[in-house]
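Participant: What follows is a single structure, and I will ask about it in a moment.
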Amino acid sequence: MQLYLVLLLISYLLTPIGASILGRCTVAKMLYDGGLNYFEGYSLENWVCLAYFESKFNPSAVYEDPQDGSTGFGLFQIRDNEWCGHGKNLCSVSCTALLNPNLKDTIQCAKKIVKGKHGMGAWPIWSKNCQLSDVLDRWLDGCDL
């Protein structure tokens, strides 16, 4: 029990100040305002679905992929080995900039990624959870854009 409390306290202390999960409609509005609705032919619903399955709408999310050793950053879990930081840095952005809750750098980098030959298929989680979904409309239910 003591170990559990210590681990809980440590995880609380390591949570970045100001880190918060964004609401679904907040994410939709920010992505819409950032010009992602039908960008390269992909509806806003696809982008919101991707954001949910990649980060659960957490713009501060950082997850390491144990399979390839890369780390994903931010709302869309953009990988450091190719798109940001010290890797190929095809987005010309620091990985930590992708953790900003204003999503400006995240949206600009996502636009570069989706312009590539794979489109949104560059995110395998989108292909698995969003691409063939017949309920994409639900991602914008009740959102005032």
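Along the chain as shown, residues are numbered 1 onward.
Note that Cβ sites are derived from N, Cα and C of the backbone, with glycine treated the same way.
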Participant: Could you tell me which of C109, C130 is bonded to C49 by a disulfide, according to Swiss-Prot?
Facilitator: C130
Participant: According to Swiss-Prot, which residue among C95, C109 is joined to C84 by a disulfide bond?
Facilitator: C95
Participant: Counting distance between Cα atoms, which of the recorded positions E54, C109, C143 is nearest C95 (disulfide bond)?
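Facilitator: Comparing Cα positions, the candidate nearest C95 (disulfide bond) turns out to be C109.
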Participant: For the disulfide-bonded residues C84, C91, which one has the sparsest Cβ surroundings, going by other Cβ atoms within 10 Å?
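Facilitator: Relative to the other disulfide-bonded residues in C84, C91, C91 has the fewest Cβ atoms within 10 Å.
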Participant: Closest of the disulfide-bonded residues to E54 (active site), Cα to Cα, picking from C25, C130, C143?
Facilitator: C130
Participant: Of the disulfide-bonded residues C84, C91, C109, which sits closest to C49 (disulfide bond) by Cα distance?
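Facilitator: Checking each of C84, C91, C109 against C49 (disulfide bond), the shortest Cα distance is to C109.
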